[in-house]
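As structure tokens, the structure follows; a few thoughts come after it.
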Amino acid sequence: MSGRNQTVTERQGTAAERLFPRAAATIEFVAALGRGIGRLFRTAYLFRVELLLTGAGVWVWLKLWHWLGSPLLAAKILGSILAALLVLRLVYAAVGKAAPTIGKRAGRLAGNPIGRALLRIAAAHALLVGLRTVLRRHRAGRVLLWAAGMRARARVVRQMRDGLTGVRFENNAGKLPRIRKVRTTPVGERMTLVCKPGQSAELLDTRAEELRAAAKSRDVRIVRDPNRSDLVTVDVVRRDPLAATSAIRWDGLGHDALSMWDPVHIGMDENGDPVRLSMAERQIFLAGEPGSGKSSGEQVITCHAAKSPDAELLFIDPNRVQFAPWADRATAYAYADPDDALEVLNMVRAEGDRRLALLEKLPGVQRKLTREIAEGEGIPLWVLFIDELAYHTSVIGTTNGPFAKAARDIVSRFRAAGIIPVFATQRPTSDVVPTSLRDLFSMRTAYRTTTLASSDVILGEGWARQGYSATDIDLANRGVSWLLAEGALPRRVKWAWIDDETISDLSMTTVRFKPRRDPVPTPATDDTEQEG
Ligand SMILES: Nc1ncnc2c1ncn2[C@@H]1O[C@H](COP(=O)(O)OP(=O)(O)OP(=O)(O)O)[C@@H](O)[C@H]1O
Ligand SMILES: [Mg+2]
């Protein structure tokens, strides 16, 4: 009490306050009033959707009362309508989730009235999902979706504020990060936060678990803006749009001929957009647990290369079965035999050296094989597939052996020479795949893994902690992976699926595009044990 009195007596005011006490008091009063009104508006804005809905509800009730002449009857009718809407919404949500299963059993369900009703709701759900995908492609559609997502955005702002207050994220001045922007995304909501002095993306990252629970979401992904460290993107992940997708059709099937210099259609991302990867001058590394979809992913790239008259295929396939249809079609093919495999690699190195020498001899400064030079000189892109890389670098070879060294040499030196390495393995740890080789890949894709550490080994240190973890990929949803290629953030992708008949068909029908070279001789029998 005495302290307070002291403060009061100590406060003398500024010179202006002493000279014009009435004016100063008026200014102070207006400022306090302004602050109060501002606070009221900010709070009302947070609850704007609820306030709007309440207003609309009262308006409808008053109208009903006016028509019916009884306030109680009006309230009963309004209540019944709201309850019916709620029940419909719950049924819709439940049936929408089960839409793919319902689709499969449609025949049996159509036989009874409840089944038919369920089918109609499932069809409406599918239609809405499709409509949303179409709307997202157009500006006017995005405005509509923005308006539709108001409630979700208001909810996530509240949840995030509660979460941040709950973990005492205020800085010394008692301020929370400012929420600058919120938008709805196909997976949930994305917000941009502006950190106040004393806060950082890294600090926020340590509270990711609590924020995830506060948002009642599957996950939150926290990433710092690369250009402004006080800006933080928080992705609140509520659903997995790829979970219910069936097999993705490969675009290339509709084309007679493709070019390896053009981007390869590899699948679909979470927004429902096609994912295309430029492969020229790049390398891709695919990794994940057994059966996660690596070889099927390689097949997509293989089929694109096979349909491209400007590309040639080379395979090292210890499993033997994966790329068998291409054996007669490829420029070089080796099974599990280490000498054969090394021979393929040496063939690639010799060709790479020949191309680099040729580039050197061309007039002017030619730093790399371009599409024009390739067409002018008749040089095809060589796509080198190694399935189950670890077989040659750890099972029958070593991480320091000739195979590993040759593979590393190819990845590091021949990017400019039109050699495209596509390597896949189950466990990319340093004891099975040399780190010096793995780190050279410009594109990496992590299929399902069992541990966060394995996911980080593939994508790079720290991604799993930020919410980009291959452990989240559903075991049943094969062919889904985190792809780190273009852009700063990994993208969740479902790879296209090409069935065996199409592959076998393409392996025969695309032969006419290019003459076959002498393949590397492979012994007729090979009893080396193989890794599964
Ligand atoms: N994109 C996809 N769409 C649908 N199903 C897929 C997809 N990719 C893979 N699958 C399913 O998963 C199975 C296993 O895939 P795949 O053989 O490519 O796995 P893998 O990762 O190469 O396994 P391994 O490490 O044992 O070689 C396929 O037979 C197929 O049924
Ligand atoms: Mg495989």
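Note: Cβ is positioned from N, Cα and C throughout, glycine not excepted.
The transmembrane segment feature in TrEMBL is assigned to 45-62 (among others).
Same-chain residues lying 6 or more positions outside the transmembrane segment (74-96) and placing a CB less than 8 Å from one of its CB atoms are 57, 60-61, 64-65, 67-68, 102, 118, 121-122, 124-125. Positions annotated as transmembrane segment by TrEMBL: 74-96 (among others).
As annotated by TrEMBL, transmembrane segment applies to 117-135 (among others). Long-range neighbours of the transmembrane segment (117-135) within the same chain, counting only residues 6 or more positions beyond its ends whose Cβ lies under 8 Å from a Cβ of the stretch, are 91-92, 95-96, 98-99, 102-103, 106, 109-110, 141-142, 144-145, 272.
Summarising the annotation, TrEMBL assigns domain 'FtsK' to 272-456. Taken together, the residues of the domain 'FtsK' (272-456) have an average pLDDT of 91.
Under the heading ATP binding site, TrEMBL lists GLY288, GLU289, PRO290, GLY291, SER292, GLY293, LYS294, SER295. Using a 10 Å radius centred on the Cβ of SER292 (ATP binding site) and all shown protein chains, the other Cβ atoms total 24. Classification of SER292 (ATP binding site) by DSSP places it in coil, neither helical nor stranded.
Under 8 Å from some Cβ of the transmembrane segment (45-62) lie the Cβ atoms of residues 71, 74-75, 78, 82, 150-151, 154, 157-158, all in the same chain and six or more residues away from its ends. Counting other Cβ atoms within 10 Å of each Cβ, the binding-site residues GLY288, GLY291, GLY293 show the lowest value at GLY291. For LYS294 (ATP binding site), applying a Cβ distance below 8 Å and a minimum sequence separation of six or more within one chain yields LEU286, ALA287, GLY288, ASP387, ALA424, THR425, GLN426, TYR447.
Other than GLY288, GLU289, PRO290, GLY291, SER292, GLY293, LYS294, SER295, the residues of this chain whose Cβ falls within 8 Å of the Cβ centroid of the ATP site are, in sequence order, GLN426, TYR447, ARG448, ARG478. Less than 6 Å separates the Cβ from ligand 2 in the case of LYS294, SER295, drawn from the binding-site residues GLY288, PRO290, SER292, GLY293, LYS294, SER295 in sequence order. Ligand 1 lies under 6 Å from the Cβ of LYS294, SER295, out of the binding-site residues GLU289, LYS294, SER295.
Within the same chain, the residues at least 6 positions away from SER295 (ATP binding site) whose Cβ sits under 8 Å from its Cβ are ASN319, GLN322, PHE323, ASP387, ALA424, listed in sequence order.
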